[in-house]
Amino acid sequence: MPPTKRFRIQAKNIFLTYPQCSLSKEEALEQIQGIQLSSNKKYIKIARELHEDGQPHLHVLLQLEGKVQITNIRLFDLVSPTRSAHFHPNIQGAKSSSDVKSYVDKDGDTIEWGEFQIDGRSARGGQQTANDSYAKALNATSLEQALQILKEEQPKDYFLQHHNLLNNAQKIFQRAPDPWTPLFPLSSFTNVPEEMQEWADAYFGVDAAARPLRYNSIIVEGDSRTGKTMWARSLGAHNYITGHLDFSLRTYYDEVEYNVIDDVDPTYLKMKHWKHLIGAQKEWQTNLKYGKPRVIKGGIPCIILCNPGPESSYQQFLEKPENEALKSWTLHNSTFCKLQGPLFNNQAAASSQGDSTL
């Protein structure tokens with residue numbers, strides 16, 4: 001008789017399958033973590049799967065820091081903590097960690113420990129192709145999940161094109177801002193000047209499709225604590241810009257109805273995007289501090305809020321001789337309103353909101 005072939009596996013990544021294994025994922029993970037190997041464990045992922053016959057199976061991806069040589073076929077046997085039963089796995093070297101991880105992930109009932117290790121075979125894809133990977137990334141539920149898929153399955157692209165991948169993923173997975181919840185109902189503002197109310201009614205009082213193209217913006221000047229910010233932010237979905245301009249995808253959204261620009265120095269706005277913003281211009285480009293230039297969809301008006309004074313008043317700023325041409329343009333593209341008092345009734349606000357201020 002020919003000699004019996006000895007069991008021997010030499011691998012850095014190991015794929016284990018435990019048929020008819022009644023252990024929970026957590027019990028299996030604890031026991032596998034306790035197995036002594038000649039190389040440190042880096043990552044373990046375990047999936048529990050019910051086969052057609054109703055029997056539970058466990059699938060395990062084990063990644064190590066370096067290659068190990070396994071000659072003990074019983075090394076990965078698991079033991080039931082409640083009865084006299086041993087569970088012996090099928091043991092294979094994992095040629096493509098990404099393929100095995102995808103297989104283990106397929107039913108979703110998983111547990112993992114450590115950090116998944118990208119290997120060179122993942123770059124060649126095994127059964128993965130670039131189109132498969134990018135299709136999977138597009139179907140991901142979040143930016144983070146999409147980038148992780150590409151990191152695991154297309155590591156060359158991830159390393160060499162990370163900036164482009166991140167920029168594109170941010171655009172694809174950009175979510176609408178969480179709606180801002182007004183502290184006070186719009187009905188609280190009972191002293192809104194007629195020109196402000198007319199401006200708001202003409203824009204927010206009609207269907208979006210019926211709104212005029214490049215609707216004029218409005219510049220509201222008034223003392224602090226007159227309620228102008230709360231009023232402006234209570235009208236609908238908006239971008240809120242204060243202090244400085246940040247058009248990154250984290251803070252500025254295209255799919256809103258208007259912009260609120262609050263306490264932005266007019267000198268600063270003149271150097272940046274005065275005409276783009278106040279003129280509700282469409283499809284304009286801005287440079288980002290981090291990342292490539294971004295094209296802003298635009299086409300929405302602004303409510304600009306400012307305080308009186310030579311450094312903050314937009315009206316005083318435009319009266320300067322060097323701003324004569326800008327003043328003429330701004331008067332054609334916006335409405336000015338100077339508040340004479342609070343936009344709310346002090347007594348009514350006090351009785352309904354206690355010590356709160358608008």
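Yeah, the Cβs are placed from backbone N, Cα and C, and that goes for glycine too.
Bear in mind that the values here come from a model prediction, so they are computed numbers and not experimental data.
Swiss-Prot assigns the feature region 'Oligomerization' to one of the listed ranges (72-92, 156-176, 261-281), namely 156-176. Divalent metal cation binds HIS57, HIS59, ASP107 as Swiss-Prot records it, and from the list GLU49, GLU65 the residue named for this site is GLU49. When Swiss-Prot is compared with the stretches 103-106, 231-234, 323-326, the one noted as motif 'RCR-3' is 103-106. Swiss-Prot assigns the feature region 'Binding to RBR1' to one of the listed ranges (143-153, 297-307, 341-351), namely 143-153. Residue counts of the region 'Binding to RBR1' (143-153) by helix, strand and coil are 11 helix, 0 strand, 0 coil (DSSP-based). Long-range contacts of the motif 'RCR-1' (15-18) within its own chain (CB-CB distance under 8 A, at least 6 residues past either end) are made by residues 28, 57-62, 76, 78, 87-94, 100. Neighbour counts of Cβ atoms within 10 Å were compared across the binding-site residues SER224, THR226, THR229; the minimum falls on SER224.
Considering only the binding-site residues GLU49, HIS57, HIS59, ASP107, LYS228 (ATP binding site) has ASP107 as its nearest partner by CA-CA distance.
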